[in-house]
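Since the structure comes first, as structure tokens, the remarks are kept for the end.
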């Protein structure tokens, strides 16, 4: 039996909000089986809980944001959710004392470290996977994203930027997911942005917390960060990281192949919504025997922490 997972103990971290520039404290706590991921705004009185579900994603401009019916939001969830997905955390309560998750270093790596520090605990209930039964596709102009059947979880992602530095890098990655591959090859990829856009955003009181400490910054020709890139193909890998986080609002790890061209938060969420709306396109499955589990999910998360 493959079991659901939560964290063993509460852990906290403090960072800055990407858009506000203000200090943000984040706490991750264990949760009972079948809870899913629930985010809680503790800066409000009373505190407001928002379950992480696809229909709660109501803002996808520059980030993924959960918004409840009263308009209360928690923004920039995607890097944290990529870490939760990558380490196979099914259940957790996440408290934050601000309208956004701290940006940390612009990747999922600090959240991976935080979850590893908390420890991962198996729970007395079967883990459920969302198995793709037939292709589901969404399009927006020349951009598109698709989920189709596959035994495991494979990502086939291509970006297309005319910027000379990005054009020189590899812009197409195909990888079979595993916790180890996520931690080593994807989790450290940082968000990236262009100086021309940053100047405009700050003039409009956005990206006030953005800096070279938490993003790859480019001018018209090159990367401006003194230490350069973490991966030769960091740009496309960060887009994969974002997609991991965006897809996890489906509520379960996906068994299927995710293929995408030039997608972002909006199209990723549209794909999840389209999938869940077509109930003949998926089913929830569990695995009684570990031998039956696809290789992508067969190694417990803790195995890569030793």
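Quick reminder: no glycine exception, Cβ is built from N, Cα and C everywhere.
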Of the residues 19, 79, only one is listed by Swiss-Prot in the Zn(2+) site with 238, 242. Which is it?
79
If you count the other Cβ atoms within 10 Å of each Cβ, which of the recorded positions 79, 238, 265 comes out on top?
79
C-beta crowding around residue 242 (Zn(2+) binding site), within 10 angstroms:
24
Quick one: of the binding-site residues 79, 238, 242, which has its CA closest to the CA of residue 265 (active site, proton donor)?
242
